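Okay, structure first, notes after.
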């Protein structure tokens, strides 16, 4: 099946009946699946990602989460595997007679324990297409000589797939693997793993409180339909996870059917995840900003440098896991629920007894599979009505974002002087740097990310592989 045709399958075809003659309401659960959403561009806000009139991109840096995998190990072990095992054990239930759940009569699990964390075919195709999209977005930029990636297999495979879409058949792109170490300080693409103050379980308690609130009635509903199964809150959560994972494996999933879970059910699932990410890698965790700031600083310096030598890249692309992009978002001050309110207790903007529908923090819009953050530098000499030539912009999944305190250029662009002031303000927004905020006690820690300028990277401190997408895998 051709790549383009296969990816089109991911478009959700379900619908909700209009309640009035002129209703235009429609709902796609695949766009509300937080960290397991297939890649999409949410247009949040709905501003064109094209270069503003009279502006031409000069440099860009991308931070990209790996593309779709069969399942995250925590999700599989905690929610999906227990549901699958229960389903195998409850052999006496005649599912073909159960409304809304009749598909379970001959449904087969899309993932096994051996496939956890492995990139799916859809994942490879998505990453390749992103490479093509970046190439088309910046026709005047030279392709990079290197793509950086953390050393996990799924991030490396995603980086290789992107290189396939980015390069021409006359080129080869080096894939530089940066080790995922527990004592690297901020100098890696997985700095949270070297932060003793960070725990992957943070936010689970708060999320569980909201999970119970929304999923308990759903469990009761399904138990009325199939009382012998004994649906639990964890089963409900795992079934909704299967909507996303099965879709990126098989192209579609019966768990996405809006007769099974209504739009309100999906918005509740999404909010439970938003709460978890808020406390885990968002504004609810004091280490988020200091962990994300080194990438912002390092890439900003690359783009600001007017004295870069001949070895400098026009385009920097780095791959990581789901934790780092939202931490960078916090460092940037984006998607902040309280930005315009003046509130000093941001946790109150994520209540656990109800959904904040007007929140800015929506993980589906930040870290779907292949979620990406771009920092761009523009030459706007020909932009009418603007006095400066050099401007900067941030994209999150192709959506232009206004930088807090700086919008003095075309669209969401920020002037060079304004961008430098913005960076200073972001650094001063955090009381401590990486090492102090994380409570680092090991030696040789650093608060800086140097992999892009360290000439030894690829020759001792990292693994560098010459990768030609047309001749190797």
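Placement of Cβ uses the backbone N, Cα and C atoms for every residue, glycine included.
On a predicted model such as this, the values are computed, not experimentally measured, just so you know.
Residues or ranges marked as signal peptide in TrEMBL: 1-18.
Cβ neighbour count for residue 380 (disulfide bond): 22 (other Cβ atoms within 10 Å of its Cβ, all protein chains included). What TrEMBL lists as disulfide bond is 55-380 (among others).
The disulfide bond annotation in TrEMBL covers 243-256 (among others).
For 406-414 (among others), the entry in TrEMBL reads disulfide bond.
Per Cα geometry, 55 is the residue among the disulfide-bonded residues 55, 243, 256 nearest to residue 414 (disulfide bond). Cα of residue 243 (disulfide bond) to Cα of residue 406 (disulfide bond): a span of 40 Å. Sequence-distant neighbours of residue 55 (disulfide bond) (same chain, 6+ residues apart, CB-CB distance under 8 A): 378, 379, 380, 382, 383, 391, 410, 413. Cβ-based neighbour count (10 Å, all protein chains) for residue 256 (disulfide bond) stands at 22. Of all the disulfide-bonded residues listed (243, 406, 414), 406 has the fewest other CB atoms within 10 A of its CB.
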